[in-house]
Structures are given as structure tokens and as C-alpha cells.
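Below is one structure, written out as C-alpha cells; comments come after it.
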């Protein structure tokens, strides 16, 4: 009798899931006018296919971090760099699978209770946590997710200023941050992840060019005279580099929003794995090639563009990365916009202009923090160890274990774990490994190392640094200062 009831319940669950997805497709299709302008808009603007999700995941994973990975390789060494990328790529894909399972579970339960609850509503990670595990989990998820997205957006602004400087050195990096902050504020006009179709495609194409430019240009340049590959030499440097690599595969802060924009969200887990595989084909060759060519010089140059000779190809790579960083800024900021809209009651407002105006206050603190902490490279490691470790790895693994801790919950789960991982026993084993590894290596050692390095940058360059890691002035510009302290209005001759 119990077996029959369980089978009936499972069948009902599967039918409800199908209904949810079909309903999602129908809702999407019913809103489509047929005029030519709308068809063009649909082609470039309205996306929800598996391809859109793949482009969004891949382009969101690898943007400016591509330029800091050679720096990480100089800290951890070639072998560790490759092994850690493969390890964190697999772990990131695993936790993306966990988040997919939790999202489908939450959506099914909520939509069974309130069929029209998600009309004009974007589901977010903290809502999934609240629906499955309660308010405390929601609060923890909200704090970590929002702080990570905030600093993820800050990093994009810092990266924009750092990159454009290699084309125009007459303007300081801090001034470039002001300029790009204003440019990135225009992302308030992008309604949701449905509307990133053309942008995510272009973003990935641009990053692909940049990655292969870095690899090919490094090989053509050859090794610098007396090149040394001494990494790893210090624990601080090793774990700083390791947490930057951990940060590379930490695009999960926008995972639920991308999944929710899909017509068939249950396919997301496979898409994320394929996106990670593609990202590895970009990050491994480029980081290894640049480190092979420049070795220990990268320890003082966190941006790979700094060491490659100026050329048309390099300038093109810089410009393409700038555009992609603008797109990635939008990816990181859009979930923050949703949280803010929900907080002030504007999320279901149909006026795009009103929503855009309401979103503007979110950009201001991001702009300010990018000017305060312009430490391109070290800030990635700090965010990786303190925020990504929990947001991407620890919280999803723990949430999955607690959601399905009872036999009834496991039996009626929408997503049953695959056989090749050992079903529920294997799933729990992997989850425990992820939690312990990231807690000790990522948060513990990584947090200590990255914060030590971060504080060192503040001591060396100061807050609000005008031009972080810019070449020092030539000695000829300084010789007047060696004789005596100049008067206040002294002019150089």
C-alpha cells in the first residue's frame, strides 16, 4: 500500500513539474505579438533557450578573471594552477547541479500552492532557501549573495579602469573608474536575464578572442630573458592564488536568475557543466602560456595585459574585454536590482523607466567601493575566500543536505541523484567533502592569505589610489626633489 502511494505521489510530482514547465512556455508564448519589430526583438533580446543559458553561464564565468589567472599561476605554480582549475571547475558544476535540484523543488512546491505566484516575478536564491529551509537560511543566503554580487560588480569596474589604461596612459585609473561607473549605470535599463541574449553571445565571443590572443601572443613573444618559474614560494602567495582560481568558477550568484529565465530550467545542470568545460579551454591555455613566457614577473603584474607588447591585436583584446566587463557588470548587478526592487515594492511594476530610476541607488555604492579599493587581482582573492566560498560551495551543499535529510523528502524529490555518483549516499559524501575542503582550504587558509595580501596593498598604495600598479615616474622627473624639499608652488624644469 505504501509503495503504491509513493508511486502515485511520484507520478503526480512529475506531472506537476511538466505542467509547471509547459505553463512557463505557454506564458512566454502568449505574450508574443507577431509584427516584424517584435520578431527582431525576439531574435536579439528575448532569450530562454538552452543556448541562451549556456552563453550566459559561460560568459558570466570568465571575464576579467581571465587576465588575473596568469598572476595566480605565478603564485601557485604551473602544476597546482592546472589541478586547482580542474578541481574547482568540477566542484562548481556539482554545486550548480545542487542549486538546480533545490530550485525545481522550491518551484514545484510553491506553484502547487499558488499557481500564479511567479507571474512577473523572478525567483532568486534567497527565496529558494526561505521556501525550503526557513527565514534564517534566507537571511544568510541573502547577506552572502548580495555582498558577493556587490563586490563582483566592483571588480568589473576596477577591471575596466585597469584595462583601458593600457590603451590611454594619460588618464589615471581612478579617473577611468569614474567614467566607466557612469557607463555601467546604464545596465539599469535591462529588465531581466531574458534580455541578455545578444549580450551574452557577444561577451563569450570577445572573451574567446582575448583568451587565444593571450596564449598565441605569449608563445610568439617567447620567454623573457632569465625567466624564472619559482612558484610556489610562500604560503600567503599560494593560497591567495588558489582562492582567485576558486573565484573563477563562482558564477553561481546569478545561477537561479539565469535558470528562472529558461523555458526548460531542468536542463540547466547539464548546461552549466558544458559551459565550465568550454571555459577551461580558454583559461588553461591562456594562463599557462602567459606564465610560461613571463614567469615571476607576473607576481608584480596582476593584469596579463601589462607584460604583453603594445600592438593592434592587444588593443583589440583590451577593447573587447572592456565591452565584456560592461556586460558582466550587468550580470552581477541585475540580481541586486531585483532584490532592491522587491525591498521597495517595485519588482512587478510594468514601467521600465520607473524600474530603471528605482535601480540607480544600487550603482552608487559599487562606484564608490571601486574607487576606494582599486586593487585589481588581490580583491578577487579576498572576495573568493570570504564570499564565493560560502555563496557558491558551502551554502548550496549544506542546503541540499538539510532539505533532503528525511527519507520522505529524498523519496519524493523532483530530482533524484544520478547512479554514477552513488545516489543519495554518494551525494552526501560529495557534499561533505565540498563543505570541509572549501571551509578549510578556501575560507580558512585562503581567507588568511588573501586578507594578508589585501592589507599589504592598502599599506603600499593606500585607499583611493590614483593609479594602482602603474609604472613609477621616470628618475629624470624626480631629480629636483633630491636636493631639498621643494616649496609649495615649485614647478618642474
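Positions of Cβ are set from backbone N, Cα and C atoms, glycine also.
Whatever TrEMBL says is automated annotation, not expert-curated.
Annotation comment: TrEMBL describes 46-440 as domain 'Amino acid transporter transmembrane'.
Note on the transmembrane segment (82-104): residues 17, 69, 76, 123, 125, 128-129, 132, 242, 245-246, 248-252, 255-256, 259-260, 265-266, 268-269, 272-273, 276-277, 279-280, 283-284, 287-288, 392-393, 396-397, 399-400, 403, 413-415, 430-431, 434, 437-438 of its chain, located 6 or more positions outside it, place their CB under 8 angstroms from a CB of the stretch. According to TrEMBL, the feature transmembrane segment maps to 82-104 (among others).
When Cβ-Cβ distances below 8 Å are used as the criterion, the transmembrane segment (142-164) is approached by residues 63-64, 67, 124-126, 173-174, 176-177, 180-181, 184, 250, 253-254, 303, 305, 318, 321-322, 325-326, 328-329, 332-333, 335-336, 339, 365-367, 369-370, 373-376, 379-380, 383, 387-388, 390-391, 395, 468 of the same chain, each at least six residues removed from its ends. Look at TrEMBL and you will find 142-164 (among others) tagged as transmembrane segment.
Residues or ranges marked as transmembrane segment by TrEMBL: 176-194 (among others).
Among the features that TrEMBL reports, transmembrane segment is placed at 201-224 (among others).
Marked as transmembrane segment by TrEMBL: 236-259 (among others).
Long-range neighbours of the transmembrane segment (271-294) within the same chain, counting only residues 6 or more positions beyond its ends whose Cβ lies under 8 Å from a Cβ of the stretch, are 50, 53-54, 57-58, 61-62, 65-66, 69-70, 72-74, 78, 81-82, 85-86, 89-90, 92-93, 96-97, 100, 207-208, 210-212, 214-216, 218-219, 221-224, 227, 229, 248-249, 255, 301, 304, 307-308. What TrEMBL lists as transmembrane segment is 271-294 (among others).
Residues of the same chain lying 6 or more positions beyond the ends of the transmembrane segment (316-340) and with a Cβ under 8 Å from any Cβ of it are 56, 59-60, 63-64, 66-67, 122, 124, 126, 142, 145-146, 149-150, 152-153, 156-157, 159-160, 163-164, 166-167, 180, 183-184, 187-188, 190, 192-193, 196, 199-200, 202-203, 206-207, 209-210, 213-214, 253-254, 257, 305, 347, 355, 358-359, 361-363, 366. The transmembrane segment annotation in TrEMBL covers 316-340 (among others).
Long-range neighbours of the transmembrane segment (360-377) within the same chain, counting only residues 6 or more positions beyond its ends whose Cβ lies under 8 Å from a Cβ of the stretch, are 64, 68, 71, 150-151, 153-155, 157-159, 161-162, 173-174, 177-178, 181, 184-185, 188, 244, 302-303, 333, 336-337, 340, 454, 457-458, 461, 463-465, 468-469. The annotation transmembrane segment is assigned in TrEMBL to 360-377 (among others).
Sequence-distant contacts of the transmembrane segment (383-404), counting only residues of its own chain at least 6 positions beyond either end whose CB sits under 8 Å from a CB of the stretch, comprise 91-92, 95, 98-99, 101-102, 105, 129, 132-133, 137, 140-141, 144-145, 147-148, 151-152, 155, 239, 243-244, 246-247, 249-253, 410, 413, 424, 427-428, 431-432, 434-435, 438-439, 442-443, 446-447, 449-451. Residues or ranges marked as transmembrane segment by TrEMBL: 383-404 (among others).
The transmembrane segment annotation in TrEMBL covers 425-448 (among others).
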Ask   = What parts of the chain pack near the transmembrane segment (236-259), using Cβ distances under 8 Å and only residues at least 6 beyond its ends?
value = 53, 56-57, 60-62, 65, 68-69, 71-76, 80-81, 84-85, 88-89, 91-93, 95-96, 99-100, 103, 122-125, 128, 145, 148-149, 152, 192-193, 265, 268, 272, 276, 279, 283, 299, 331-332, 334-335, 338, 377-378, 380-385, 388-389, 391-393, 396, 438, 441-442, 445-450, 452-453
